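Notes follow the structure.
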Amino acid sequence: MSAFEKPQIISHIQKSLSYTVFDCKWMPCSAKFVTMGNFARGTGVIQLYEIQQGDLKLLREIEKAKPIKCGTFGATSLQQRYLATGDFAGNLHIWNLEAPEVPVYSVKGHKEIINTIDGVGGLGIGEGAPEIVTGSRDGTVKVWDPRQKDDPVANMEPVQGENKRDCWTVAFGNAYNQEERVVCAGYDNGDIKLFDLRNMSLRWETNIKNGVCSLEFDRKDISMNKLVATSLEGKFHVFDMRTQHPTKGFASVSEKAHKSTVWQVRHLPQNREVFLTAGGAGSLHLWKYEYPIQRSKKDSEGVEMGVAGSVSLLQNVTLSTQPVSSLDWSPDKRGLCICSSFDQMVRVLIVTKLHKI
């Protein structure tokens with residue numbers, strides 16, 4: 001691919017914020033997005049922005065008692081577009097951004113900070129009930145149904161006497177029918193655990209040697225296809241989730257991408273083979289996954305095992321001197337993307353020529 005044909009990553013709008021921003025998410029079916037974080041005075045903040053004529057207009061600012069670490073629209077309907085958030089005190093709240101004074105759902109989900117959140121079953125993505133998963137420093141991963149008060153529908157925690165590991169990232173997947181659904185969780189010691197929610201079992205686990213910062217399936221609402229895991233020390237791994245070997249697990253390929261921590265991975269909603277990683281040195285890398293000629297082969301005993309593909313770098317850009325801590329593609333407009341970084345900036349990016357890859 002020549003330099004002229006390659007996608008370009010263009011910083012379209014930059015906005016400096018007056019607080020530390022931890023997460024940003026597009027509001028579905030709109031040119032709006034939310035940013036979440038904490039003010040220096042120790043309170044939490046949610047801001048709603050809209051893109052208007054090449055600039056950002058602040059539509060709403062909501063201040064809450066506790067700093068807000070993460071949020072998702074993944075379990076809401078397209079009509080309501082409620083935002084679910086996790087905060088520093090372990091609370092899970094669901095907000096109607098039109099009337100945000102009181103949450104529409106509230107539960108003290110964890111004993112410590114909720115580091116990570118994901119949703120499925122809303123927005124027309126994933127079969128089955130809407131659910132939210134949260135992961136916390138208290139070592140537990142909990143699945144919540146917004147229609148059920150107080151208690152999680154599933155609770156994955158270490159057994160008595162086992163060390164509690166800090167859970168840094170969670171992701172839903174495999175939600176291709178009413179029954180099937182998995183949650184993948186990544187921990188500070190490099191553990192990755194795949195929980196099967198249908199029969200409430202640990203389906204697979206592995207360790208990638210470095211703390212797992214971000215996990216994402218290429219699609220939540222299909223039979224598991226690929227999983228990307230990013231980590232400290234600048235590495236990420238792509239697992240082929242189609243074929244699970246009884247002892248070797250899933251085949252994977254790893255890539256040393258950034259000079260420092262890879263904070264985030266996000267797959268392009270319009271093409272699941274393309275994904276963006278965000279690094280600790282303020283850089284973004286755009287990748288494409290290439291499948292092998294055959295995705296599975298038989299081992300010496302005739303048991304099916306997966307074959308990993310390869311990853312190629314399409315483009316990279318440095319936006320900031322500080323880590324890019326969150327990243328979100330627009331579900332509606334191909335190539336439109338937002339990211340936030342620890343220099344208290346939110347950026348709207350345009351990635352060009354994505355239809356040509």
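The backbone N, Cα and C atoms fix where each Cβ goes, and this holds for glycine too.
As the structure is a computational prediction, the values presented were derived from the model and not from experiment.
Swiss-Prot has this to say about the protein:
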- 63-105: repeat 'WD 1' (REPEAT)
- 115-154: repeat 'WD 2' (REPEAT)
- 162-205: repeat 'WD 3' (REPEAT)
- 207-249: repeat 'WD 4' (REPEAT)
- 257-297: repeat 'WD 5' (REPEAT)
- 319-357: repeat 'WD 6' (REPEAT)
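Here the repeat 'WD 1' (63-105) has Cβ contacts under 8 Å with residues 22-23, 25-29, 34, 36-39, 42-46, 48, 111-125, 130-132, 134, 136, 138, 144, 146, 149, 172, 220 of the same chain, all six or more residues outside its ends. With respect to Cβ pairs under 8 Å, the repeat 'WD 2' (115-154) is most closely packed against 162-205, considering the stretches 162-205, 257-297, 319-357.
Taken together, the residues in the repeat 'WD 2' (115-154) have a mean pLDDT of 95 on the 0 to 100 scale.
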